[in-house]
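Taken from TrEMBL, the feature Mn(2+) binding site covers H115, H117, E122. As annotated by TrEMBL, disulfide bond applies to C31-C48. Here TrEMBL flags 68-147 as domain 'Cupin type-1'. Sequence annotations record features per position, and here TrEMBL assigns signal peptide to 1-21.
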Amino acid sequence: MGNHFLATIALVALASSFAYASDPSPLQDFCVAINDPKDAVFVNGKFCKDPKLATADDFFFPPPNMPGLNIPGNTSNPLGSLVTQVNVEKIPGLNTLGISLARIDFGSYGLNPPHTHPRATEILVVLEGTLYVGFVTSNLNPGNRLFTK
């Protein structure tokens, strides 16, 4: 019984050295969005550029010689605000990475109308002035709740 027990322990130890747990690897690191479906893979609502043809410009905003988020937006409109979005349309390399960014400029008493971000996160940074912001939960139990500050 002693040799059988040792053999079992040795087998379990050997087998456990080959076992590990992890999340499955993604199919690819990124999917640079393109508008040309020729010989491209369709992922997340966009066609993907061949990863071997990706360049650094696919992952940066703004493109060379164009204004970026450092330029204040014109808030002289009925809402008194302007949203400058940076998403997959502006940075094709964001496709499938689950991230986007926006600059919102507010004039005095400007507002950003109620909107939704299903399964998304929003973080606000106020550089100058104050904002009254909030969100409503989508849970029906115990009922939708409003959080403001």
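Backbone N, Cα and C atoms are what each Cβ position is placed from, and that goes for glycine too.
Since this is a predicted model, take the numbers as computed values, not measurements.
Ranking the disulfide-bonded residues C31, C48 by C-beta neighbours within 10 Å puts C31 at the top. Nearest in space to C48 (disulfide bond), taking C-alpha to C-alpha distance over the binding-site residues H115, H117, E122, is H117. Helix, strand and coil counts under DSSP for the domain 'Cupin type-1' (68-147) come to 3 helix, 17 strand, 60 coil. For E122 (Mn(2+) binding site) paired with C31 (disulfide bond), the C-alpha to C-alpha distance reads 23 Å.
Residues H115, H117, E122 make up the record's Mn(2+) site, and a Cβ search at 8 Å around their centroid adds T116, A120, F135 from the same chain.
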